[in-house]
Structure formats: C-alpha cells, structure tokens
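Student: First the structure, which I've put down as structure tokens, then a few questions once you've had a look.
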Amino acid sequence: MTTKTCWEAVCTVDDLVADCGIAVWTEDGPVAVFYLPHRLPALFAVSHTDPFTGSNVLARGITGDLDGEPVVASPLYKQHFSLRSGVCLEDASVRVRSYPVLLDGDRIRLAVPVRQPAAVAA
Amino acid sequence: MSKQTLIVIGNGMVGHHFLEQFTRTPAAERFEILVFGEEKQLAYDRVHLSEYFAGSSHAELAMATADWYADNHIELRLNEPVTAVDRDNHIVTTPKGAYQYDELVLATGSYPFVPPIDGKDDANCFVYRTLADLDAIRASAAEARTGVVVGGGLLGLEAANALRSLGLQAHVVEFAPRLMPVQLDGDGGDLLRQKIEALGVQVHTEKATTAIVPGDAARLRMKFADDSHLDTDLIVFSAGIRPQDTLARACGLEVGERGGIVIDNRCTTSDPHIHAIGECALWNQRIFGLVAPGYTMARTLAAALNSDPQGAFSGADMSTKLKLLGVDVGSIGDAHGQTPGARNIRFHDEQAGHYRRMVVSQDGKTLLGAILVGDNSHYDTLLQYALNGITLPPNPEILILPEHQGGAPGLGADALPETASICSCHNVTKGDICGAIDAGCTDLGGVKAETKASTGCGGCAALLKKVVDSELEKRGVAVSTDLCEHFPYTRQELFHLVRVNGIRTFRGLLRQYGKGQGCDICKPTVGSILASCWNEHILATEHVPLQDTNDTFMANMQKNGTYSIVPRIPGGEITPDKLIVLGEVAKQYNLYTKITGGQRVDLFGATLSELPEIWEQLIAAGFETGHAYGKSLRTVKSCVGSTWCRYGVQDSVAMAIYLENRYKGLRAPHKIKMAVSGCTRECAEAQSKDIGVIATDKGWNLYVCGNGGMRPRHADLFATDLTDDQLIRAIDRVLMLYVRTADRLQRTSVWMENLEGGLDYLKQVVLEDSLGIGEELEQHMADLVGSYQCEWKTAVEDPEKRKRFREFVNAPSLKDPVQQWTSERGQRRPELEVASL
Ligand code: SRM
Ligand SMILES: Cc1cc2nc3c(=O)[nH]c(=O)nc-3n(C[C@H](O)[C@H](O)[C@H](O)COP(=O)(O)OP(=O)(O)OC[C@H]3O[C@@H](n4cnc5c(N)ncnc54)[C@H](O)[C@@H]3O)c2cc1C
Ligand code: SF4
Ligand code: FES
C-alpha cells in the first residue's frame, strides 16, 4: 500500500463555532477542526483523540493562546496542545497529528493521508 | 610504606556504620582494619530487635554479610571481647591474643542498667538488648504465663509488647509516678497508661522493687517497698542504659561523672589515637541513646581520620516519634518546659484519647518542645517549627487543635516539612517541588511539567500553588496575582471591572483590560463572572467558547468522552412518577444508573448526540438541569423533618426545596452545597456544607463555610433562631459577597479563612451591614433569581444550540468507535483503560 494525500471536504462554514472546535470523521479517523476568527490563519485541524486517554474529545476543549501559540486544552486532564504542530506543551514527547486545512468556497477541506492499494508492478 | 592498623572495638550498629563510611574514603587505603565483637553475631539492627520475636532471623536483621567484610579486607573477630587496652604500647588484649594498633575506635555501645535488688541474678531475670537476651527470654517464656518488665520507659514498653507477643500476661512496673517519665508529662503519661492498660498490659507505677524471691502463684515474687507484691514467671529489666566504658576507665581515659567516654567535636577521646562513637561516647556532658546521633558521629570520625575538617559533631536532636504497643507517642525538644519562662499550650481530648502539649518560649514566638500521645499527625509540623526555629503564628494553638476547631490547616505552606506529600497521585513532596524550583522552574506551569504534580486528579492544585508561590517568594521571585498571562488582574478585580463598566462579553473585557486570545484559565473565570453579573444563557454564541466542556455540553464528561446526566431533584424529594421516568429514560438509552451522595440520581454513559434527546424527555416530565457540571449550586440536602419525623421541629424538606429553587443556577467561583436538618440530630449533615441550616424550636440556625471533599471543614455557626425571612436575607448576602470577592475555584471555606478578619468580619458585613452594601447584595441576588432559566430547556428548543451536540458533524449516525462497553453488576460501563496520566 502507498499513502497519498487528498483534500477531503469535511464540513461547511456553517458547522464551525467561533473560538471552538468541532469534530469530523475523516479517512484518517476523528479530527478536530478549530475556528479562531481573531487569528490569521483562522482554521486549524488536529487529531480529535486525546493521546493521554485515547478518548475522542479534543474538539471539546477550550481554545486560546499561550505565549502567542494557539492551543487547545484537553477537556479531560487539561494538557495544552499546539494547534499548529500538535505538540503537547506540558510534555514535548507527546504530540497529536496536525492536518493542513483550507477554506474552499464555503467548504472546509483537510489534507488527509489516504491509503490506497499499491499499483501492481508489471 | 607498610600499612598502619586501625582497630575497632564493638561490632554494633554504630561501629558497623563507621566501617561502611570509612572504607569509602581515601584514608582506608592506609590501614589494615581489625574489628572485635563480643557478640557471636555480625552487627545487626538493634532498633528492630523486637522483630526477632515476630519471626525475623539474624540474617534478616544483619547490617551486612561476612562477605562484605572480606571484600573490604576487614578482619572481623566475633565472639572475642577486648579485655584490656595498653595505651602506652598501643596494644589491645583479648582472651585469644594481643594486637597492636595505630588508631583505636571504641564503639562498645551501652549495657542495660539492672538496679541492685536482692535476687536480680535469678535464672528467670533478663535484660533486653541482644539477640542472646531474646533467645533466653523466649526459652523462659515457653513455660511461663506471666512476665514483668521493670521500667516504664520507651524500651520497657517495647519489651512489654514483646512479652505480650510471646503469649504472656504482661505487667510494667515503674518507679516513677508515670510511664515514659523522660519524654512525657503527667497527663501524657496517664493517657498512655490508659491506652496500654486497655490493651491488656497492667501498669504499676510508684513501685520500688526491694527483693525478688521464689513465688507462690508463679516462679518468682517481686516485693515492693509499700509491702505489696506481684508474682511472675519471669522478669525483664529495662531500667535505663549505661554507656559501656569499662575498658576506657581501666586504661585511664577521661570519662564522665555518670559514665561515658569523653569525646571532642571530632570524636577523639583524651588520647589522640583513641576515638569513641555511639552510645558509649559522652559529648558535651551528653549521652545519645539513639542510633541517628551515633551515625552522625561515625561519619564525623571517618572524615576526621581523613583530616577532613568538615562536619564536626555538634550534637543531635533527641526528638522521638514512636508507636508503642500501637499507641502514637511523640516527644520533641524541651518537652518538660524547663527553659526559663517557657509557657504551655495543652489540648486534651479524653474522649478521643488525644493529648498534645506545646512548650513555647516566653515571647510566644518559638516552639521549644512538644508532647503528643494518641495521634502523631501533628508531629512533623511541630518538629519543623522546633528544629528550624520557625516563628509561630500569632495563635499557635491552631497547630494542635483539631481541624474543626480551626486547627492546623491554617498553616502556611512554609510550615510544611520537606517530606510533606503535596500530590498523592504522583507522589510529589514539598522537597521535590523545591528541587524543581532550584533546578530552574520559575512558575507553576514549569513545576507541574517537571514534577507532574497536579496533573492527575487535580485535587492538589490549590495546595501546590500555595507551596510554589511561597517557595518562589522565598527565592525573591515576584509572585504575580494575575489571573493568567492574558489579564493582569485578580478575579475580584475583574468582577469589579465587569460590573462597573457593564461589560457583557469576554471579547469586550479582553479588548479593554487584557491581551492575547485568552486561555482555559481566564475564559471559564470570566464566563462565570459574566453569568454572575448578567445571567445570560451560557450557550449564547459569545459565551460558548468560554465554558469548560462540562458547561458547554451541560453534562459531566466521563473518561471515555461520554457524559453523565443529573436532573435536579430539589431537597431530594421525588414523586414515584418522576422516578419511573428516570428509570424509563435510563433503560431506553442503556445508561448506568446510580444514586449520588447528593440525594439525586446520576445517569451515566450518554453520547453527545443523545444528550438533547434525553433532556427533551426529562424536561417533558418536569425535570430541570441539576447543574452537576457547573460551578454553581449543586444540591440542598434535606432530612425528612417535622412532617414525618417524631423529632422534627421545622419542615426541613420545604425549606430545602425553597432554597434549592431560589439559588439554582447561581454561577459562583466554585460549587456551592447546602443542607437543611429538621432538628439538632442533624441527619442532613448541614454542618458539612457551604450553607447549613438547622431547625430550632424558634426558627433556624445558620451555619456557613463548611465543606467535605479534599480538606473537610465544619461550618461555623453564623446566626441563631432566624425567621424564614432573616435566614434568606443572610444567605443572599453571604453568597453574593462570596460570588463577588472570592478567587477562582475557591470554596466558601477557603474564601472565609482568607478574608481579613475572617468569620467576625463576615458577620459584621452580613448581619450588621458594616459596609452598607447589604441591600445592594440582596438586590443583585434578586435579579439573578428573577432571571433564572433552565439552561437545558432553552438549549433543546434552539436548533442553533443543538447543532453543538453532534459527535461528528459530517457523520451524524456514526457512533464513536473508541467507546467500548462491558457490563458490571447488570449495568453497562466503559471498558476503556485510561492510559497513564
Ligand atoms: C456523582 C457524585 C458521586 C456519587 O456518585 O455520589 C460526585 C461525582 C463527582 N464529583 Fe463529587 N460527587 C458527588 C458528591 C460529592 C460530595 C458529597 C455531597 O455533596 O454531599 C462531595 C464532598 C462534599 C463537598 O463538596 O463539600 C464531593 C466532593 C467533590 C470534590 C472536592 C471538592 C472540594 O472542595 O474538595 C470534587 C472536585 C471539585 O469539585 O473540584 C468533586 C468532583 C466531582 C466530579 C464532578 C468530578 C468530575 O469533574 O468529573 C464527579 C463527576 C460526577 C458526574 O460525572 O456526574 N466532588 N462530591 C456525587 C454527586 C452529588 C450530586 O448529586 O450532585
Ligand atoms: C529494643 C531496642 C529498641 C531500640 N529502639 C530504638 C529506636 O527506635 N530508635 C533509636 O534511635 N534507637 C533505638 N534503640 C537504640 C539503638 O539500638 C542504639 O542507639 C544503637 O544500637 C547504638 O549503637 P552502638 O553501636 O553505639 O551500640 P550497640 O549497637 O549496642 O553495639 C555495641 C557493640 O559493642 C559490643 N561490645 C561492647 N563491649 C565490647 C568489648 N569490650 N569488646 C568487644 N565488643 C564489645 C557489644 O556487644 C555490642 O555488640 C533501641 C535499642 C533497643 C535495645
Ligand atoms: S434531623 Fe431531626 S428531624 Fe431531621 S430526620 Fe433527623 S431526627 Fe428527624
Ligand atoms: S493529588 Fe495531585 S493530581 Fe491528584
């Protein structure tokens, strides 16, 4: 199998909630999409799975910034994750996957890896 | 260069410790080491001698093995006592030979003192010091029924316990009027005696034994000076210890008047080539009958033999903390208050069997000593005060008072010993926190990341912050009272700014008084302030991002990402019909169901998308949200009261329901709990609540600022015999003042304790209206009560708000695949293992 990236449409602007996250299901599993209207860029996407518990909850955390870095605080045990890199501020050895995200018309697209069967060699 | 010879006489605890220390130093290379021991066994842990009776063998008690000695090239000659020292020729003699030394160490310990009583040498009379002694006692006890210990000191009581463990009826005979006369005073000794007698050990004080003769009912009879007598099968003398200085005396070394080999700060005797350490040594006219000072001497001497000027012996603390026959006993410093001008503070609870005495200096500023019997939980703190000369608080009695009488926890973080456990989840002590700060952490976040403290259940957060703040302050780092990096204000200041300037949104406040985008500290805090001031729906568009997840979804998140549902059941009163609805809903959604500690029902395991559906049904049946998720009123617990109970003097259920309906939804710095009891029997446990109400035959008594939880505190009596109206007015004012002035996540108890002037001040403001704000507070509360809405009702009726309850916005019918379930006792529960935190 090879991995290839595709820009998957996951939701529309109507689904977004300012300064909050929402969860979407993608080819790569659950992803949290955040909309911070007072920043540029305003859209961020990281895995929805809290790496400390394995529960799918990160979209439900409080967003903000620490020292200028946009973050979300896990709603379970409150660790902060950078919305840009996915790195945990309390424990740099832990990170969640982050995804490139873009606005296409009123659709939100994420760059997610898609697994495809490898082309059979002739 | 040929090696010199170092001889050590005595292979006890201190002698061995010296060898351990010395062999690690460079000087060890210069010496052949030769050790003589009188006992047959290699050095063992005498402190735990009694465990020998409980089954420990010598091997388990031993401090090293023969191999260790061989590996370190130490020649160990056990069972070979030294009988003489020839100082002129540097020779020691034993029954087996004579040996030359260059340096000589005396570590001969001490021997038990046996009073000169006729008959003391009987075959069934023993002492309690060595393994051989214990073997002999055990053999004698095999055929015996009773045993007496002569001496009611620390070791005597331990010996009595040993006799008991051998199955004997044990007695303690003490010459002094009380037990442990060295460490305890009259009251302490009496209490210890009561406790020990309750355990079946008989205590006889003020008994001077005059003779030991053959007995009638047992092998021996002890005759006492007062003409009474006691028959027993065996006797153990434990009437004190004497330094073993026989050799030293014989060879003319300087010894003390009452025994002990005189040493200087480097542990050297009057002969520069002879040194003494441990219980045989006399330093500054003092003998140290504990092992820790002996170890210090051992280290001092090892350094001295390396010509290392460090670490001169400077005395040792003789404070002791023990469990004797299961009874806590502690003695610190000048326990008897012999310092001129010393004063005493005593706490004595005969009911609970606790005695505590503090000896403080004349000016009341320093702790000189202390005695504890029955409960050693205050020992560490008191010892810190005494050892480090920490200035006592102005009301030092709080250090020994029970907590519900205003005791110990008022202590600053400063007074906590280094060993105090701060975070039990991650086993972090105050010492660990100081270490992290010294290693460069300059704020709370850094300390958390470094030590993991407060990253488990979070219950220790407040204490951790206290310790970190106080340690940073100590190191000269300015501790900011700013809420967070986004707002340079305290919660109280922000509350004021919001109210006075009529600010209605987080963005508005941030623009005027803050910077950046906010975080998970300031957002919920400001969200709560806005709710306390203006009471708009917490899910109004501009407030949504401020809420903690529990508030956002108006339910408590569980570890697998599902939620629990707690409908309000005011006062705990519920009709059968409503109970049936709860049951039906729980069944329909397969929710784990549990009665809470707050007299209501919790339904666990609902997914995000199920929440609004479930609430639609509950609301239709007349339920409202219970705010189990909010920093707001939780429950008002009630007892059955005068309507049914034969003792009730007021209708406690009606009052509880009234209070719950009045204050429901009130957003506060932390959660608020209340209870109402129908009479003084207090079945509703009102005195453990933030607001507690207890019926009297004239009205209601009001208690305030209690709580259970991490650090329980009994509520304080605030006002008595209030009418319904007076009661409500007082509660309105207390709560509103709390909402306005408390710090974030500060419960009423801590708030009140930190108010300057404390309870009295609160009474003045609320009952006497000393600030003239009483009416304003009541008006503010009336506004909030008037603008109450059931948050869930508003939410389920609003499609925009309901949109938030989709687990995956692009896959409405998808169930979260990580939520795995299993069943337990007939109900469903999450299977998910929580990964290590
Ligand atoms: C359900 C319940 C346990 C039960 O099954 O009985 C419970 C469950 C929780 N308690 Fe509690 N507490 C419950 C009664 C209590 C009580 C007893 C009482 O209220 O009579 C106490 C001690 C009394 C007190 O608070 O003064 C109590 C002291 C705590 C504390 C420690 C508070 C403190 O000041 O130290 C916390 C932590 C906190 O609030 O920060 C806590 C926090 C929690 C949380 C909210 C933890 C969380 O954030 O996930 C639990 C989640 C509940 C849920 O998911 O629904 N719970 N909790 C009880 C709900 C009562 C209710 O009907 O609302
Ligand atoms: C039952 C019991 C409980 C105790 N509990 C505690 C406690 O809880 N806390 C505490 O701090 N302390 C306690 N102690 C005291 C502690 O055991 C002593 O402080 C410690 O053992 C002193 O060590 P030492 O090396 O000076 O003496 P010892 O351990 O007595 O060693 C001296 C050794 O020298 C030997 N010796 C003496 N003369 C000669 C000679 N001429 N030639 C060769 N060898 C000789 C002796 O036989 C002995 O083996 C307790 C003691 C006992 C007996
Ligand atoms: S507190 Fe008094 S009135 Fe209430 S149930 Fe108990 S005994 Fe009855
Ligand atoms: S006690 Fe510190 S996190 Fe639980």
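Cβ from N, Cα, C; glycine included.
In TrEMBL, annotation is done automatically, which means it is predicted and not curated.
Quick paste of what TrEMBL says about this protein:
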type     : residues                               : note
BINDING  : B:Cys639, B:Cys645, B:Cys679, B:Cys683 : [4Fe-4S] cluster binding site
BINDING  : B:Cys683                               : siroheme binding site
COMPBIAS : B:825-837                              : compositional bias 'Basic and acidic residues'
DOMAIN   : B:6-287                                : domain 'FAD/NAD(P)-binding'
DOMAIN   : B:319-384                              : domain 'NADH-rubredoxin oxidoreductase C-terminal'
DOMAIN   : B:422-468                              : domain 'BFD-like [2Fe-2S]-binding'
DOMAIN   : B:558-620                              : domain 'Nitrite/Sulfite reductase ferredoxin-like'
DOMAIN   : B:630-766                              : domain 'Nitrite/sulphite reductase 4Fe-4S'
REGION   : B:817-837                              : region 'Disordered'
Student: Give me the count of other Cβ atoms within 10 A of the Cβ belonging to B:Cys679 ([4Fe-4S] cluster binding site).
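Tutor: There are 20 such Cβ atoms around B:Cys679 ([4Fe-4S] cluster binding site).
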Student: I'd like to know the mean pLDDT over the domain 'BFD-like [2Fe-2S]-binding' (B:422-468).
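Tutor: Mean model confidence (pLDDT) across the domain 'BFD-like [2Fe-2S]-binding' (B:422-468) is 78.
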Student: Over all shown protein chains, what is the count of other CB atoms within 10 A of the CB belonging to B:Cys645 ([4Fe-4S] cluster binding site)?
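Tutor: B:Cys645 ([4Fe-4S] cluster binding site) is surrounded by 15 other Cβ atoms within 10 Å.
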Student: Of all the binding-site residues given, B:Cys639, B:Cys683, which residue's CB has the most CB neighbours within 10 A?
Tutor: B:Cys639
Student: By DSSP, how many residues in the domain 'Nitrite/Sulfite reductase ferredoxin-like' (B:558-620) are helix, how many strand, and how many coil?
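Tutor: The breakdown for the domain 'Nitrite/Sulfite reductase ferredoxin-like' (B:558-620) reads 27 helix, 14 strand, 22 coil.
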Student: Can you filter B:Cys639, B:Cys645, B:Cys679, B:Cys683 (the binding-site residues) down to those whose Cβ is less than 8 Å from some Cβ in chain A?
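Tutor: Listed in sequence order, the binding-site residues near chain A come to none.
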Student: Let me know the DSSP-derived helix, strand or coil state of B:Cys683 ([4Fe-4S] cluster binding site), please.
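Tutor: Reduced to three states, the DSSP call for B:Cys683 ([4Fe-4S] cluster binding site) is coil.
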Student: With the [4Fe-4S] cluster site defined by B:Cys639, B:Cys645, B:Cys679, B:Cys683, which remaining residues of that chain have Cβ atoms positioned within 8 Å of the Cβ centroid?
Tutor: B:Val640, B:Gly641, B:Tyr647, B:Gly648, B:Ser652, B:Ser677, B:Gly678, B:Arg681, B:Glu682, B:Ala684
Student: DSSP on the domain 'NADH-rubredoxin oxidoreductase C-terminal' (B:319-384): how many residues come out helix, how many strand, how many coil?
Tutor: 6 helix, 33 strand, 27 coil
Student: Quick check on the domain 'Nitrite/sulphite reductase 4Fe-4S' (B:630-766): DSSP residue counts for helix, strand, coil, in that order please.
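Tutor: When I sort the residues of the domain 'Nitrite/sulphite reductase 4Fe-4S' (B:630-766) into the three classes, I find 52 helix, 35 strand, 50 coil.
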